[in-house]
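The feature (6S)-5-formyl-5,6,7,8-tetrahydrofolate binding site is assigned by Swiss-Prot to Arg29, Glu86, Lys125, Lys459, with sequence analysis given as support. Among the features that Swiss-Prot reports, K(+) binding site is placed at Asn231, Thr250, Ile252, Thr255, with the record citing sequence analysis. According to Swiss-Prot, the GTP binding site annotation covers 231-236, 250-256, 275-278, on the basis of sequence analysis. According to Swiss-Prot, the feature Mg(2+) binding site maps to Ser235, Thr256, an assignment based on sequence analysis. As annotated by Swiss-Prot, domain 'TrmE-type G' applies to 221-382.
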Amino acid sequence: MTDFQYATDQDTIAAQATAPGRGGVGIIRLSGPKSLAIAKQIIGFEPKPRYAHYVPFKTTGQEQLDEGIALYFPGPNSFTGEDVFELQGHGGPVIMDMLLSHCVALGARLARPGEFSERAFMNDKMDLTQAEAIADLIDSTSEQAAKCALRSLQGAFSKRVDELVEALIHLRIYVEAAIDFPEEEIDFIGDGKVAAELAGIQAKLAEVLKEANQGALIREGMNVVIAGRPNAGKSSLLNALSGKESAIVTNIEGTTRDVLREHIHLDGMPLHIIDTAGLRDSPDEVERIGIQRAWDEISKADRILMMVDSQSIDSKDPNEIWPEFMEKLGDTKHLTLVRNKVDLTKEGTGIETVSGVPVVSLSAKTGEGVTDLTEHLKAVMGFDSTTEGGFIARRRHIEALNKANRFLDAGNEQLHGYGAGELLAEDLKEAQQALSEITGAFTSDDLLGRIFGSFCIGK
């Protein structure tokens with residue numbers, strides 16, 4: 001038995017389940033084998049299961065610490081699957097500390113971050129995606145993110161993954177039976193059954209991957225860096241996108257010397273906009289530091305908006321406009337050229353592609369064409385705001401789905417290219433394990449520790 005499992009099986013844990021600070025109500029939560037014994041010492045009697053008792057909370061010396069509601073949920077019919085006891089008192093930090101300290105003195109220990117959800121997972125009350133959805137629901141920054149996290153908590157994502165795993169198990173049984181019992185003369189390579197089922201699984205996996213990418217965008221959003229020479233209108237575009245005066249706008253070059261950040265939502269997708277210092281050779285040490293930070297942000301961006309002043313530049317080819325920038329940037333797959341100030345040139349707004357780079361013409365000052373840009377940003381990230389019934393997803397989920405797909409691609413090659421049944425069976429097994437990592441059916445203790453360690457203490 002690992003240390004991870006031992007702590008889960010033996011200890012009674014306690015933590016404040018409500019946010020730290022002052023509030024009308026504060027909750028202390030316990031889970032584990034000593035919960036009932038601790039409950040009896042604090043309220044003076046054995047609580048009725050799933051019943052709200054309004055009682056004083058006392059020490060063993062009968063000193064009253066607070067009064068409020070006491071709730072007892074005997075396992076396995078509780079959130080964690082263990083005996084759970086809650087004290088719902090007044091939400092002052094001193095009162096919460098007194099109650100929590102008393103619970104520890106009576107035999108509980110302080111819970112690790114996410115340990116209540118961890119125990120729920122270990123006791124099969126939920127799978128890993130549902131446990132993660134609790135944290136995502138708490139941390140959601142938009143209505144759409146909250147709805148998607150709730151659907152994941154209710155099992156929408158898990159169901160899709162479980163269906164894929166079941167299909168793989170069914171296919172593995174057929175393939176491995178043909179290998180292990182050659183006397184049955186099952187020609188799984190020639191009969192087309194395996195090929196058809198494998199194609200069906202990959203098609204369903206592609207659908208889940210598309211939905212998961214949507215869920216990851218809703219959860220994490222995209223980082224958009226606005227870059228360009230001084231006075232190209234970068235700060236004006238930041239203000240236009242954020243809908244407020246986030247940055248100072250003047251005609252003086254070098255006004256923006258550091259990185260400015262704003263966070264908005266585009267139809268539910270978080271957009272992290274980063275305005276940077278104008279890129280140029282500068283004798284000013286402070287400005288040079290800002291320019292280096294700008295390049296640091298460019299290297300990490302999901303999308304780079306290269307801002308140019310359309311008054312001084314006729315070309316729409318980024319290689320002609322700024323060859324030095326393009327050479328330093330290298331890969332242009334994340335680049336969009338933004339031609340600003342079209343209200344002055346009267347050239348019109350819109351989107352086109354030049355030398356493989358999208359070009360958006362707009363006016364950050366008047367707002368003309370800004371909607372074209374926001375629609376473009378959603379499109380390049382593959383975000384579909386019309387999708388209904390989606391679920392929340394994380395980067396690790398995307399990686400696991402892609403990993404499973406790579407094994408299925410390899411299995412396809414073994415089937416059609418070499419007729420290698422044993423190698424196909426191994427690839428199917430690896431794909432199944434990759435998918436099982438998502439729900440936690442096949443997951444290392446180290447990964448579990450990292451996931452639950454990112455949770456709130458009382459969750």
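Glycine is treated like the rest: Cβ placed from N, Cα and C.
Distribution of Swiss-Prot features across the structure.
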residue	record	DSSP class
Arg29	(6S)-5-formyl-5,6,7,8-tetrahydrofolate binding site	strand
Glu86	(6S)-5-formyl-5,6,7,8-tetrahydrofolate binding site	strand
Lys125	(6S)-5-formyl-5,6,7,8-tetrahydrofolate binding site	coil
Asn231	K(+) binding site	coil
Ala277	GTP binding site	coil
Cα-Cα distance linking Ser235 (Mg(2+) binding site) and Ala277 (GTP binding site), given in Å to the nearest integer: 9
Local Cβ density at Glu86 ((6S)-5-formyl-5,6,7,8-tetrahydrofolate binding site) - other Cβ atoms counted within 10 Å: 21
Number of Cβ atoms other than its own within 10 Å, given for Asn231 (K(+) binding site): 19
Which listed residue (Arg29, Lys125, Lys234) has most other Cβ within 10 Å, given these are binding-site residues: Lys234
Length of the line joining the Cα atoms of Lys125 ((6S)-5-formyl-5,6,7,8-tetrahydrofolate binding site) and Asn231 (K(+) binding site), in Å: 57
Nearest-integer angstrom distance between the alpha carbons (Cα) of Lys234 (GTP binding site) and Arg29 ((6S)-5-formyl-5,6,7,8-tetrahydrofolate binding site): 50
Integer Cα-Cα distance in angstrom, Asn231 (K(+) binding site) to Arg29 ((6S)-5-formyl-5,6,7,8-tetrahydrofolate binding site): 56
Predicted model, mean pLDDT over the domain 'TrmE-type G' (221-382): 83
Number of other Cβ atoms within 10 Å of the Cβ of Ala277 (GTP binding site) across all protein chains: 26
Cβ packing number for Ser235 (Mg(2+) binding site), 10 Å threshold: 24
Cα-Cα distance linking Ser235 (Mg(2+) binding site) and Glu86 ((6S)-5-formyl-5,6,7,8-tetrahydrofolate binding site), given in Å to the nearest integer: 51
